[in-house]
C-alpha cells in the first residue's frame, strides 16, 4: 500500500480493471444463476430473446467474467511483496549458511544427530520461512486465483509439513539447505513478473530466462543429487533408518515430483517462445481475451511474457505464453 503502489503508479501502471460489460438484466440473471459460460444452444436462445448477435452475447459474457478480475496494479503489489521477501530471505540464508560447515559438507548434517545446537540465527531463519508459507497457505484463498491452485496447495502443505517436521526432529541443518535452495529462483520469477506488469519486455524476458536456468539447475540438479542424496543415503549410512525417516523423505520426494512438473512447463514455454518467436496465451492466465482484441490482434511477435489482451499479461504463476507455473 505504501511502497508497492506508489512504485507501480510511477511506472505508469494504472489502477483500472478490464472493460465492464454492458448492463443487461437477462444476461446478468443467466450469468449469476445458471452459467458463466453458456453453450451454443443457450446462446442461440438468448440471441433470439434479445435480438442480439451470438458473437455479441459471447463478448458480453467474456467481459462479465473479466470485470471482477484483479487489476494489474493489484498483481504488481502482490508480486512486489513476494519479491521483497524472497530476495531478503535468500540473502539472509546465504549469509548464514556460508559459514556453516554443513553447507560445504552435507555429511555434517548427521554427525552427532540429534544432539545438535539450535542457534538463534538458525531459529529465526526457520520461523520466518514457516510464517511466510503459512501466510501463503491462507492467502491463496483470497489472492489472485490461478489454474494451478491444487498444485500450489499441495506444495504449501508439503513445505509446511517439512519445515515443521524437520524442526520438531531437529533436522534443521538439512532443512536450511532445502529452504535456501528453493529461495534461489523464486525472487527471479517475481522480478520477471514485475517487469512484465511495467511493460519492460526485454527485461522481463531476461529475468524469466535466468529464472528458468536457475530453477532447472537447482531443482533438477542440486536438489536430487545434493539434498536427496544426503537425506536418503548419507543419513541412512550415518544414523540408520527410523520411523520418521520415511515420512521426511516422502515429503522431500513429493517436492521433487512437483519440481519435475514445473520444469516441464517452463521448458515447454521457453521452447515455444524460441521456435515461434512468440508465445500463445498463458494456460494459467487469470483474465480472458476480449473478442474485439482477439479480432484485432497483430501478427507481430511478442516476448516470452507476451501481454494478454487486457493489458495484464501473464499474471501470476510461473511462465508466460505456454504456462507460468508458480511455484
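Keep in mind that glycine also has a Cβ here, set from the backbone N, Cα and C atoms.
Under the heading DNA-binding region, TrEMBL lists 29-72. The feature domain 'Homeobox' is assigned by TrEMBL to 27-71. Sequence annotations record features per position, and here TrEMBL assigns domain 'TLC' to 74-275. What TrEMBL records for 284-327 is region 'Disordered'. Summarising the annotation, TrEMBL assigns transmembrane segment to 83-103, 123-142, 207-226, 246-267.
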Within the domain 'TLC' (74-275) only, compute the mean pLDDT. 88
If you run through the domain 'Homeobox' (27-71) with DSSP, how many residues end up as helix, strand and coil? 31 helix, 0 strand, 14 coil
